[in-house]
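TrEMBL annotations:
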TRANSMEM  6-25  transmembrane segment
TRANSMEM  37-61  transmembrane segment
TRANSMEM  67-86  transmembrane segment
TRANSMEM  107-128  transmembrane segment
TRANSMEM  140-168  transmembrane segment
TRANSMEM  180-198  transmembrane segment
């Protein structure tokens, strides 16, 4: 039980570290509202479920061991982040916030792709989760429980964060403020994309 509690605590610490997910959820929630932020979050959690499943069946280990496959996934993920960043930098701000309708934006896909094609997450699942698996009773369901716990903690933290952003969204309604948010988010996403490309 203590081992599991330690896992939850460390997961909380890791989840609150700023990354691309925070940027996407912040941007989408402030610009389009709570539903957009939650859709992004659902995409993120779906990707984490995929990583958990791939780790259980051993495909994540194959990804890590194959330099070609690892690089391919990394470059796809990095290019997508850069694409989202450039798109945000070039977006034309509507005359008022009510004009910002997310009809052409797939927020779920944004959360899904940015996490699914991030090989660092696969490496994380392969190195972090096994530390808390009981060596005397190691099994796929134990690994699955840890993965599910990580997803639940992620959903809870980001879900509360999305609701908070939605609550204070009216503060950022001015066109100039929205423009600053878009440009800042875009620049940071491009940075994360370049950082991913340059990573080992």
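Cβ atoms are placed via backbone N, Cα and C, with glycine included.
Between the transmembrane segment (140-168) and the stretches 6-25, 67-86, 107-128, Cβ pairs under 8 Å are most numerous for 6-25. Contact count against the transmembrane segment (180-198) (Cβ pairs under 8 Å) is highest for 67-86, out of 6-25, 37-61, 67-86. For the transmembrane segment (6-25), the most Cβ-contacting stretch among 37-61, 67-86, 107-128 is 107-128 (pairs under 8 Å). Long-range Cβ contacts of the transmembrane segment (107-128) within its own chain (Cβ-Cβ under 8 Å, at least 6 residues beyond either end) map to 10, 14, 20-21, 24-25, 28, 32, 36-37, 39-48, 50-52, 54-55, 60-61, 63-64, 70, 73-74, 76-77, 80-81, 84, 147, 196, 199.
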